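Visitor: Questions regarding the structure given below will be posed in turn.
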Amino acid sequence: MHQPPIGHLHAADPDLAALVEAEARRQFAKARLIASENYVSPAVLEATGSVLTNKYSEGYPGRRYYEGQQNVDPIETLAAQRARDLFGVEHANVQPYSGSPANLAVYLAFARPGDTVLGMSLPMGGHLTHGWSVSATGRWFNPVRYGVRAEDGRIDMDEVRDLARRERPKIIWCGGTAVPRTIDFPAFAEIAREVGAVLAADISHIAGLIAGGAHPSPVGHADVITTTTHKTLRGPRGAMIMSTAEHASAVDKAVFPGLQGGPHNHTTAAIAVALKEAAAPDFAGYARQVVANAAALAAALAERGFDLVSGGTDNHLILIDLTGKGVPGKPAAQALDRAGIELNHNTVPFDPRKPFDPSGLRLGTAAVTTRGLTAEHMPRLAEWIDRAVQAAAKQDEAALDRIAAEVAELMAAFPMPGWAPAP
Ligand SMILES: *Cc1c(COP(=O)(O)O)cnc(C)c1O
């Protein structure tokens with residue numbers, strides 16, 4: 001049963017309700033290892049599904065273009081205050097619709113079309129919005145890209161410094177979507193200061209780890225910090241931009257009226273709820289467990305002969321290079337999905353294969369940690385992944401189905417926030 005209940009949806013639109021229930025059952029039965037996903041609490045779900053979705057609020061608290069903000073103003077003020085307190089920043093804008101629009105706002109605030117921007121290359125672990133060619137950010141700006149070293153899979157800070165000195169970017173991006181190692185924010189800040197660039201730290205993946213004290217914070221180093229709220233931070237789909245007081249007005253003007261209309265007040269409320277949850281003492285335990293689980297899973301995978309980019313992980317994320325296993329990333333990910341283990345195919349640094357069928361797999365431990373799995377369960381996950389990849393090579397679908405049954409049996413012992421099977 002869905003929590004909060006969806007009885008009205010069942011009555012009004014049974015087809016749609018059946019799909020929601022099916023998705024909940026899928027999320028319950030699978031070991032969800034997609035590094036950008038999680039399970040939000042029923043409280044976050046309730047805020048997201050509330051009547052706040054009915055309200056228009058263009059502007060900022062106290063300066064709106066619509067009447068009737070008696071409740072929305074305190075909600076947004078509370079969300080921003082909680083963001084400032086949790087991350088220890090001077091300013092927080094909680095209105096961006098998602099991570100990509102938040103990053104676009106940084107361009108609008110600090111650069112002009114045609115300006116040079118320095119970001120991590122997408123196939124090396126960066127994000128589309130850090131200047132990749134198919135993104136507006138790569139088409140309307142002049143992108144320069146850094147990567148990782150071939151020897152150890154770590155970000156090449158010498159390359160970052162050389163590129164920054166030569167190209168004089170307006171904005172330098174750090175943070176990414178497939179970076180299994182700690183981001184060295186002080187080193188990026190030193191380079192940005194030297195060349196007069198704005199340092200933008202995109203902590204979308206690691207925000208929950210930072211909030212829980214399990215990854216160093218960019219605060220005090222980066223001029224502006226963007227983050228999604230729905231990955232390790234475990235809030236609704238949304239984003240925030242945090243900055244020093246100096247940049248507050250530029251950031252706010254870029255979000256509204258620069259890029260967006262009315263903020264999604266139901267999301268703002270849910271962000272406020274998630275930030276309260278992230279400030280509670282048990283959240284630090286969750287963040288530490290996410291990292292401990294990733295370390296245990298990485299060790300168990302390495303023991304089974306999996307080649308891990310950078311040799312392991314410091315955070316929630318593991319990147320596997322499957323080249324030695326004789327199965328490309330896409331068929332492996334599809335086989336794993338059938339085996340009840342949900343992850344995504346991903347490029348690995350210097351990948352000789354094409355992005356839609358790359359050599360790697362990306363996985364993360366945030367969602368299974370929320371379900372309650374601990375380090376002792378990670379060798380079993382590694383065993384299933386190993387068996388499924390071998391079954392994929394042999395196209396042994398019966399073996400995949402056997403693994404899926406074992407996975408579902410384990411996961412059934414761990415409650416899922418937001419849904420429970422009928423008793
Ligand atoms: C997920 C992510 C984004 C984009 O977020 P969306 O909400 O999908 O637009 C941006 N940057 C990084 C580093 C991300 O991981």
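A Cβ is built for glycine as well, from the same backbone N, Cα and C atoms used for every other residue.
Keep in mind that TrEMBL annotations are predicted by a computer and have not been checked by a curator.
Sharing the record's features from TrEMBL:
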type: DOMAIN; residues: 10-385; note: domain 'Serine hydroxymethyltransferase-like'
type: BINDING; residues: LEU122, GLY126, HIS127, LEU128, GLU246; note: (6S)-5,6,7,8-tetrahydrofolate binding site
type: SITE; residues: HIS230; note: site 'Plays an important role in substrate specificity'
type: MOD_RES; residues: LYS231; note: N6-(pyridoxal phosphate)lysine
Visitor: Cα-Cα, whole number of Å: LEU122 ((6S)-5,6,7,8-tetrahydrofolate binding site) versus HIS230 (site 'Plays an important role in substrate specificity')?
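Guide: That comes out at 21 Å between the alpha carbons.
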Visitor: I need the CA-to-CA distance for LEU128 ((6S)-5,6,7,8-tetrahydrofolate binding site) versus LYS231 (N6-(pyridoxal phosphate)lysine), whole Å please.
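Guide: Checking the Cα atoms of LEU128 ((6S)-5,6,7,8-tetrahydrofolate binding site) and LYS231 (N6-(pyridoxal phosphate)lysine) gives a distance of 17 Å.
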Visitor: Just checking: which of the recorded positions GLY126, HIS127, LEU128, HIS230, GLU246 have a C-beta under 6 Å from ligand 1?
Guide: HIS127
Visitor: Roughly how many Å separate the Cα of LYS231 (N6-(pyridoxal phosphate)lysine) from that of HIS127 ((6S)-5,6,7,8-tetrahydrofolate binding site), to the nearest whole number?
Guide: 14
Visitor: Which number gives the other C-beta atoms within 10 angstroms of the C-beta of GLY126 ((6S)-5,6,7,8-tetrahydrofolate binding site), all protein chains shown included?
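Guide: Total other Cβ atoms inside 10 Å, all chains included: 25.
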Visitor: Under 8 Å Cβ to Cβ from HIS230 (site 'Plays an important role in substrate specificity'), same chain, six or more residues apart: give me those in sequence order, or none if nothing qualifies.
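Guide: When sequence neighbours closer than 6 are ignored, HIS230 (site 'Plays an important role in substrate specificity') has SER36, GLU37, ASN38, VAL40, PRO236, ARG237, GLY238 within Cβ distance under 8 Å.
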Visitor: Near the Cβ of LYS231 (N6-(pyridoxal phosphate)lysine), how many other Cβ atoms are there if near means within 10 Å?
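Guide: Its Cβ shell of radius 10 Å holds 27 other Cβ atoms.
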